[in-house]
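K.L.:
Dumping what TrEMBL says about this protein:
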| type | residues | note |
| --- | --- | --- |
| DOMAIN | 702-758 | domain 'CBS' |
| TRANSMEM | 66-94 | transmembrane segment |
| TRANSMEM | 114-137 | transmembrane segment |
| TRANSMEM | 266-285 | transmembrane segment |
| TRANSMEM | 318-344 | transmembrane segment |
| TRANSMEM | 449-467 | transmembrane segment |
Amino acid sequence: MLSNHLHNGIEAPKLAWSRLPNSEDGEPDTVGLVKKSDESSIDSLDYEVIENYAYRKEQAQRGKLYVGYYVMVKWFFALLIGIGTGLAAVFINLSVENFAGWKFALTFAIIQKSYVAGFLVYVLINLVLVFSSVYIVTQFAPAAAGSGIPEIKGYLNGVDMPGILLFRTLIGKIFGSIGSVGGGLALGKEGPLVHTGACIASLLGQGGSSKYHLRSRWLQIFHSDRDRRDLVTCGCAAGVSAAFRAPVGGVLFALEEVTSWWKSQLMWRVFFTSAIVAVVVRTAMGWCKSGKCGHFGSGGFIIWDISDGQEDYSFEEFLPMAVIGVIGGLLGALFNQLTFYIAYWRRNYLHKNGNRVKIIEACLISLITSIISFGLPLLRNCSPCPEANPDSGIECPRPPGMYGNYVNFYCSKDKEYNDLATIFFNTQDDAIRNLFSAKTIHEYSAQSLLTFLVMFYSLAVVTFGTAVPAGQFVPGIMIGSTYGRLVGMFVVKVYKKLNIEEGTYALLGAASFLGGSMRMTVSLCVIMVEITNNLKLLPLIMLVLLISKAVGDAFNEGLYEEQARLRSIPLLESRPKYQMRKMTAKEASGKRVISFPRVVKVADVVSILRSNNHNGFPVIDHARNGETLVIGLMLRSHLLVLLQSKVDFQHSPLPCDPKGSRSIRHTISEFVKPASSKGLSIHDIRLSSDDLEMYIDLALFLNPSPYIVPEDMSLTKVYNLFRQLGLRHIFVVPRPSRVIGLITRKDLLIEENDDSASMELQSTSDAVGK
């Protein structure tokens, strides 16, 4: 039975779907509560195969040659996704590095004469870059704001939100990331790269963008939400692989963090896509080493090689490492809670005042960030350079800018450096390299690290949620590596061992904060190992991740789950709620079900579609003895196609014979909703009075085999079935009166004959009870 109390007729548990908004521009009234109206802004995706007569006819006409061609096309699309995402990542990194390089080079040249003039130039460049980013997002691509990971996670969970995978969103994400990251805000470009990869995959899957006349018929092959979901999964993994140069980490990120459904064939294609991205990025970096890319190359992609760091660790170091994990869990949970409250206030109060307020807010935060990053190092006294160590390869001092420790900033002597400027007046990637660097003991004072930690943590909290593309990976690494280095300084001072490196503790701090905030474990562990090129630290990274995640889970959910809850994205998490164990499917479903007869009058169809927003309707028929039979499920989108085409209208109210002479006038592709729009609406269809008096036989177009559960099945089992199969509807029916068969494992083992292409089932005469 379809529930009239659940949005769109979805038989998901009420608790998981209670936050589903019903208004196109509806905003939450309070946390977890949403305004309701007649139209829906969030729809569900049809991942289930609709096995109607059109589908079965097409499947019967397809031979082995077509199946092989279909598989090869999927691999070809995986190749295109990898190349496209890799090129987009190269373009973003090249632009960010060059903008940042020019900014710091110009500022440093001016401050040799006047620090005031240098400060004004520094602030102005940052303002221009941030203004360009927020203007692009607010005026051109509103869906490009934020990291995009909660939205993509919702999409792969079965929730469709308009605008998140459009061509303009892709453009806004790319150029918005360049402006926001190049402008020095306390955010990163790694989260937006995941969204960028997903957009590229979706656009390829639908053959391009029809609105901007960038469409190719050669690419219009995949028409189902199921196939598009697989492509978007490849795009997510490609984004992580491009952001961190971590192909294995990208695969695990897609598996652990964003997908709720997985299969081995998809694993191979995702791995192939990530490998292609790694090849594209490495090729671009090799080409840029010749100096053809301007400032790009010295900073380049994220790769903090600490293979020359701490060689070994002792048992007594596990205690301070565990402390790092606890600190990461506490600070990560606090970060999630603060960003949730501030983003909630923005969403419900500040940003409702229009785009002008969003632009002013972003520019104001840019101004504050510039003042802090430029002004605080001026208040810090410079320190004398340590004695030169030929083995370290580190020169003191180095000018501020692209790469190097020991930045000379506002120092009276040549052989001095400003430790606060080394991490503040620098790009985030280079600042992290400095914090991770080995053989630089006593480079930073505890006072400078504490100052940076407090100020940058505050800036990251305030910046996250502004109307610009914003990732949280790199700011999280910055925060964690700062307090990790502080703990490392304490360990060096107490234990007094020569082999202890502060940079190693900085790495563990970075892992702990990301684990405490994002709650990732396996994928994050592999990413940290790949970007640091030090496998020896794997057990330590695993330790701090487990501790930080456990501590963080004691307080709240992960960052992406909190943001999804704020945006009212009805995610079905991996585990059902405890209350569902005591509930049944009947209790979760409603009592009133809207259904259609097999042959229905067009006027009745229009009336029902106008009166509710359900997306699935049971279709009933009557046997000769008068017994009511449920013969299938009819989707709203399919009904709208039939009403729009009118070719299946008939004058007679009698059912037609599906196996008779009547041909099927539709293909599967006609019933698929476009990925870039909401598809047909009942208000878009024009019918004459004569059309309304006609009839439609729904037997040819319904799904004759929907998933069915008995009314007394526990809601926990329904939840797991719904989520793991990616369903949109489940029928709840009374307890069946008889059993016509029993399927066991042996019945599902299929053998292929050597002499023919036909398939036959193994004998199951003795299968019952096995």
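Placed from the backbone N, Cα and C atoms, the Cβ positions cover glycine too.
In TrEMBL, annotation is done automatically, which means it is predicted and not curated.
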K.L.:
Count, for each of 66-94, 114-137, 318-344, the Cβ pairs lying under 8 Å from the transmembrane segment (266-285), and report the range with the highest count.
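P.N.:
Ranking 66-94, 114-137, 318-344 by Cβ pairs under 8 Å to the transmembrane segment (266-285) puts 66-94 first.
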K.L.:
Should anything in the same chain at least six residues away from the transmembrane segment (318-344) have a Cβ under 8 Å from its Cβ atoms, list it; otherwise answer none.
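P.N.:
Answer is 28, 31, 457, 460-462, 464-465, 476, 479-480, 483-484, 487, 490-491, 505, 508-509, 511-518, 540, 543-552, 554-559, 562-563, 565-566.
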K.L.:
Where DSSP helix means H, G or I and strand means E or B, what are the helix, strand and coil counts for the domain 'CBS' (702-758)?
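P.N.:
Helix (H, G, I), strand (E, B), coil: 14 helix, 11 strand, 32 coil.
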K.L.:
Mean pLDDT for the domain 'CBS' (702-758), as a whole number?
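P.N.:
A mean pLDDT of 84 is what the model gives the domain 'CBS' (702-758).
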